[in-house]
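*Asks:* Please see the structure below; I have some questions.
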Amino acid sequence: GTSRQIPQTIIIGVRKGGTRALLEMLDIHPNIVVAATEVHFFDWDENYVKGIDWYRNLMPFSYGNQITIEKTPGYFTSPQAPGRIHDMNSSIKLLLILRDPTERVISDYTQVYYNRIESHKPVQLFEDIVIKNGVLNTKYKAIQRSLYDVHMEKWLKHFSLEQIHIVDGNTLIKDPLPELQKVERFLNLPSRIMSSNFYFNQTKGFYCIRSDGRERCLHESKGRPHPLVNSTVLEQLYSYFREHNAKFYRMVNHSFDWH
(Lines of atoms letter the chains of each structure in order from A; the text may use other names.)
(Lines give C-alpha, C1' and ligand atoms only; values in the text may rest on other atoms or scores of the structure.)
Protein backbone atom coordinates (compact mmCIF):
# COMPACT_ATOMS: atom_id res chain seq x y z
CA GLY A 1 0.00 0.00 0.00
CA THR A 2 2.94 2.36 -0.44
CA SER A 3 4.05 4.50 -3.37
CA ARG A 4 6.62 7.16 -4.18
CA GLN A 5 5.17 10.66 -3.82
CA ILE A 6 6.38 14.07 -4.97
CA PRO A 7 7.30 15.94 -1.75
CA GLN A 8 4.50 17.82 -0.03
CA THR A 9 7.16 19.72 1.92
CA ILE A 10 10.69 20.80 0.96
CA ILE A 11 13.50 22.06 3.17
CA ILE A 12 14.80 24.77 0.85
CA GLY A 13 17.85 25.85 2.85
CA VAL A 14 20.00 27.39 3.97
CA ARG A 15 23.40 25.77 3.45
CA LYS A 16 25.18 25.33 6.82
CA GLY A 17 22.00 26.39 8.59
CA GLY A 18 21.18 23.00 10.09
CA THR A 19 19.22 21.37 7.24
CA ARG A 20 20.59 17.88 7.93
CA ALA A 21 19.82 18.12 11.66
CA LEU A 22 16.29 19.31 10.88
CA LEU A 23 15.65 16.49 8.39
CA GLU A 24 17.03 13.78 10.71
CA MET A 25 14.98 15.09 13.63
CA LEU A 26 11.76 15.28 11.60
CA ASP A 27 12.39 11.70 10.46
CA ILE A 28 11.46 10.62 14.01
CA HIS A 29 7.83 11.50 13.23
CA PRO A 30 5.78 8.47 12.10
CA ASN A 31 3.88 10.61 9.56
CA ILE A 32 7.06 11.84 7.85
CA VAL A 33 9.32 10.04 5.37
CA VAL A 34 12.49 11.72 4.11
CA ALA A 35 14.60 11.50 0.96
CA ALA A 36 18.01 10.04 1.73
CA THR A 37 20.08 12.44 -0.34
CA GLU A 38 20.07 16.04 -1.54
CA VAL A 39 18.31 15.84 -4.89
CA HIS A 40 19.22 19.21 -6.49
CA PHE A 41 16.26 18.91 -8.85
CA PHE A 42 15.11 22.53 -8.88
CA ASP A 43 18.53 24.24 -8.80
CA TRP A 44 20.58 22.13 -11.22
CA ASP A 45 19.49 22.40 -14.86
CA GLU A 46 21.03 19.00 -15.72
CA ASN A 47 18.66 17.36 -13.21
CA TYR A 48 15.61 19.51 -13.91
CA VAL A 49 15.56 18.51 -17.59
CA LYS A 50 15.18 14.85 -16.51
CA GLY A 51 11.60 15.64 -15.53
CA ILE A 52 9.21 15.14 -12.64
CA ASP A 53 9.09 11.32 -12.91
CA TRP A 54 12.87 11.17 -12.41
CA TYR A 55 12.40 13.37 -9.33
CA ARG A 56 9.58 11.23 -7.93
CA ASN A 57 11.65 8.06 -8.35
CA LEU A 58 14.26 9.46 -5.96
CA MET A 59 11.68 9.74 -3.17
CA PRO A 60 11.12 7.05 -0.51
CA PHE A 61 8.02 4.85 -0.51
CA SER A 62 5.28 6.22 1.74
CA TYR A 63 1.78 5.47 2.97
CA GLY A 64 -1.16 7.76 2.22
CA ASN A 65 -1.04 9.35 5.69
CA GLN A 66 2.65 10.27 5.40
CA ILE A 67 4.31 13.47 4.20
CA THR A 68 7.37 13.13 1.96
CA ILE A 69 10.13 15.67 2.64
CA GLU A 70 13.32 16.34 0.71
CA LYS A 71 16.01 18.85 1.54
CA THR A 72 18.41 20.64 -0.78
CA PRO A 73 20.02 23.70 0.85
CA GLY A 74 21.02 25.09 -2.55
CA TYR A 75 17.38 25.86 -3.38
CA PHE A 76 17.21 28.95 -1.17
CA THR A 77 19.92 30.82 -3.07
CA SER A 78 18.97 29.50 -6.53
CA PRO A 79 17.35 32.04 -8.89
CA GLN A 80 15.37 29.29 -10.67
CA ALA A 81 14.17 27.16 -7.74
CA PRO A 82 11.25 29.32 -6.47
CA GLY A 83 9.50 29.44 -9.86
CA ARG A 84 10.15 25.79 -10.62
CA ILE A 85 8.81 24.59 -7.25
CA HIS A 86 5.76 26.84 -7.69
CA ASP A 87 5.15 25.33 -11.15
CA MET A 88 5.18 21.85 -9.57
CA ASN A 89 2.91 22.70 -6.62
CA SER A 90 1.81 26.26 -5.88
CA SER A 91 0.36 25.28 -2.46
CA ILE A 92 3.44 23.39 -1.19
CA LYS A 93 4.73 24.03 2.34
CA LEU A 94 8.37 25.11 2.60
CA LEU A 95 10.79 24.89 5.52
CA LEU A 96 13.67 27.33 5.76
CA ILE A 97 16.24 26.93 8.54
CA LEU A 98 18.48 29.93 9.21
CA ARG A 99 21.16 30.84 11.68
CA ASP A 100 23.20 33.94 12.47
CA PRO A 101 24.57 34.97 9.02
CA THR A 102 28.12 35.57 10.30
CA GLU A 103 28.22 32.14 11.97
CA ARG A 104 26.88 30.67 8.73
CA VAL A 105 29.72 32.26 6.72
CA ILE A 106 32.33 30.83 9.11
CA SER A 107 30.67 27.41 9.01
CA ASP A 108 30.59 27.55 5.19
CA TYR A 109 34.32 28.36 5.15
CA THR A 110 35.00 25.54 7.67
CA GLN A 111 33.31 22.94 5.48
CA VAL A 112 35.27 24.00 2.40
CA TYR A 113 38.50 24.16 4.47
CA TYR A 114 38.17 20.54 5.66
CA ASN A 115 37.10 19.34 2.20
CA ARG A 116 40.23 20.93 0.70
CA ILE A 117 42.49 19.42 3.37
CA GLU A 118 40.99 15.96 2.75
CA SER A 119 41.54 16.43 -1.01
CA HIS A 120 45.14 17.60 -0.40
CA LYS A 121 44.37 21.01 -1.91
CA PRO A 122 45.86 24.31 -0.67
CA VAL A 123 43.85 26.23 1.91
CA GLN A 124 43.60 29.93 2.79
CA LEU A 125 43.02 31.60 6.13
CA PHE A 126 39.47 32.84 6.67
CA GLU A 127 40.66 36.46 7.00
CA ASP A 128 42.58 36.26 3.70
CA ILE A 129 39.40 35.29 1.83
CA VAL A 130 36.99 37.62 3.61
CA ILE A 131 39.18 40.73 3.47
CA LYS A 132 40.60 41.97 0.16
CA ASN A 133 42.74 45.14 0.08
CA GLY A 134 41.57 46.03 3.57
CA VAL A 135 37.84 45.87 2.83
CA LEU A 136 35.21 43.16 3.15
CA ASN A 137 35.11 40.85 0.12
CA THR A 138 31.33 40.96 -0.41
CA LYS A 139 31.71 38.92 -3.62
CA TYR A 140 32.76 35.90 -1.52
CA LYS A 141 30.08 33.26 -2.16
CA ALA A 142 29.71 32.43 1.53
CA ILE A 143 28.84 36.08 2.26
CA GLN A 144 26.42 36.21 -0.68
CA ARG A 145 24.60 33.13 0.67
CA SER A 146 24.04 34.89 4.00
CA LEU A 147 22.11 37.80 2.46
CA TYR A 148 18.81 36.29 3.53
CA ASP A 149 16.73 39.31 2.52
CA VAL A 150 18.01 39.19 -1.07
CA HIS A 151 17.10 35.51 -1.49
CA MET A 152 13.83 35.70 0.45
CA GLU A 153 12.58 38.41 -1.89
CA LYS A 154 12.66 35.91 -4.77
CA TRP A 155 10.66 33.32 -2.79
CA LEU A 156 8.01 35.83 -1.73
CA LYS A 157 7.32 36.59 -5.40
CA HIS A 158 6.01 33.02 -5.75
CA PHE A 159 4.84 31.98 -2.28
CA SER A 160 2.95 33.62 0.56
CA LEU A 161 4.66 34.01 3.93
CA GLU A 162 2.09 31.53 5.36
CA GLN A 163 3.62 28.80 3.15
CA ILE A 164 7.17 29.31 4.45
CA HIS A 165 8.03 28.29 7.99
CA ILE A 166 11.35 29.60 9.30
CA VAL A 167 13.18 27.38 11.75
CA ASP A 168 15.69 29.07 14.05
CA GLY A 169 18.86 27.04 13.47
CA ASN A 170 20.62 28.49 16.51
CA THR A 171 17.75 27.39 18.76
CA LEU A 172 17.33 23.97 17.11
CA ILE A 173 20.88 23.02 18.11
CA LYS A 174 20.51 24.25 21.72
CA ASP A 175 16.94 23.06 22.40
CA PRO A 176 15.46 21.02 19.53
CA LEU A 177 11.98 20.17 20.82
CA PRO A 178 10.21 23.58 20.73
CA GLU A 179 11.39 24.24 17.17
CA LEU A 180 10.24 20.79 16.02
CA GLN A 181 6.85 21.23 17.68
CA LYS A 182 6.38 24.44 15.67
CA VAL A 183 7.12 22.44 12.49
CA GLU A 184 4.59 19.77 13.50
CA ARG A 185 1.94 22.48 13.87
CA PHE A 186 2.91 24.12 10.56
CA LEU A 187 2.54 20.76 8.77
CA ASN A 188 -0.75 20.02 10.59
CA LEU A 189 0.70 16.83 12.04
CA PRO A 190 -0.16 15.25 15.39
CA SER A 191 2.41 15.97 18.08
CA ARG A 192 4.66 12.89 18.14
CA ILE A 193 8.19 14.20 18.72
CA MET A 194 9.08 14.22 22.42
CA SER A 195 11.94 15.33 24.66
CA SER A 196 12.82 11.63 25.20
CA ASN A 197 13.79 11.52 21.50
CA PHE A 198 16.91 13.60 22.25
CA TYR A 199 19.94 13.33 24.47
CA PHE A 200 22.88 15.67 24.77
CA ASN A 201 26.18 14.15 23.64
CA GLN A 202 28.93 15.75 25.76
CA THR A 203 31.70 14.60 23.41
CA LYS A 204 30.14 16.09 20.28
CA GLY A 205 28.63 19.07 22.07
CA PHE A 206 25.18 18.77 20.49
CA TYR A 207 21.96 16.79 20.73
CA CYS A 208 21.68 13.31 19.23
CA ILE A 209 18.54 11.36 18.35
CA ARG A 210 16.91 8.42 20.08
CA SER A 211 14.03 6.67 18.28
CA ASP A 212 12.80 3.12 17.63
CA GLY A 213 15.21 1.88 20.29
CA ARG A 214 18.19 3.24 18.35
CA GLU A 215 20.52 6.13 19.03
CA ARG A 216 22.17 8.13 16.29
CA CYS A 217 24.21 11.29 15.99
CA LEU A 218 24.85 13.48 12.99
CA HIS A 219 27.87 12.70 10.82
CA GLU A 220 31.29 13.65 12.22
CA SER A 221 31.51 16.42 9.61
CA LYS A 222 28.77 18.25 11.58
CA GLY A 223 29.69 20.43 14.52
CA ARG A 224 33.33 20.81 13.52
CA PRO A 225 35.23 23.43 15.52
CA HIS A 226 35.28 26.81 13.77
CA PRO A 227 38.51 28.78 13.41
CA LEU A 228 39.06 31.66 15.81
CA VAL A 229 38.35 34.75 13.74
CA ASN A 230 40.02 38.12 14.21
CA SER A 231 37.62 40.33 16.21
CA THR A 232 37.98 43.28 13.78
CA VAL A 233 36.96 41.02 10.88
CA LEU A 234 34.01 39.73 12.92
CA GLU A 235 32.86 43.29 13.56
CA GLN A 236 33.07 44.06 9.83
CA LEU A 237 30.85 41.06 9.08
CA TYR A 238 28.35 41.97 11.83
CA SER A 239 28.21 45.53 10.53
CA TYR A 240 27.72 44.43 6.91
CA PHE A 241 24.87 42.04 7.74
CA ARG A 242 23.09 44.38 10.18
CA GLU A 243 21.06 46.23 7.54
CA HIS A 244 20.32 43.05 5.58
CA ASN A 245 19.11 41.34 8.77
CA ALA A 246 16.85 44.29 9.66
CA LYS A 247 15.32 44.17 6.18
CA PHE A 248 14.81 40.42 6.48
CA TYR A 249 13.09 40.79 9.88
CA ARG A 250 10.65 43.27 8.35
CA MET A 251 9.98 40.92 5.42
CA VAL A 252 9.08 37.95 7.60
CA ASN A 253 7.56 39.88 10.56
CA HIS A 254 9.93 38.18 12.95
CA SER A 255 13.22 39.08 14.65
CA PHE A 256 16.07 36.72 15.44
CA ASP A 257 18.83 36.93 18.00
CA TRP A 258 21.57 37.60 15.44
CA HIS A 259 24.50 39.99 15.74
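Every residue gets a Cβ built from N, Cα and C, even glycine.
Nobody curates TrEMBL annotations by hand; they come from automatic prediction.
The domain 'Sulfotransferase' annotation in TrEMBL covers 7-244. Here TrEMBL flags LYS16 as active site, for sulfotransferase activity. The 3'-phosphoadenylyl sulfate binding site annotation in TrEMBL covers LYS16, GLY17, GLY18, THR19, ARG20, ARG99, SER107, TYR207, LYS222, GLY223, ARG224, PRO225, HIS226. The feature disulfide bond is assigned by TrEMBL to CYS208-CYS217.
In the displayed structure, how are the listed features positioned relative to their neighbours?
*Replies:* Taking a C-beta cut-off of under 8 Å and a sequence gap of six or more, LYS16 (active site, for sulfotransferase activity) has these contacts in its own chain: PRO73, ARG99, ARG104, SER107, ASP108, GLN111.
CYS208 (disulfide bond): 16 other CB atoms within 10 A of its CB, across all protein chains.
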*Asks:* Measure from the CA atom of ARG20 (3'-phosphoadenylyl sulfate binding site) to the CA atom of CYS208 (disulfide bond) and give the result in Å, rounded to a whole number.
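*Replies:* If we compare the Cα positions of CYS208 (disulfide bond) and ARG20 (3'-phosphoadenylyl sulfate binding site), the gap is 12 Å.
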*Asks:* Over all shown protein chains, what is the count of other CB atoms within 10 A of the CB belonging to SER107 (3'-phosphoadenylyl sulfate binding site)?
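*Replies:* The answer is 22 other Cβ atoms.
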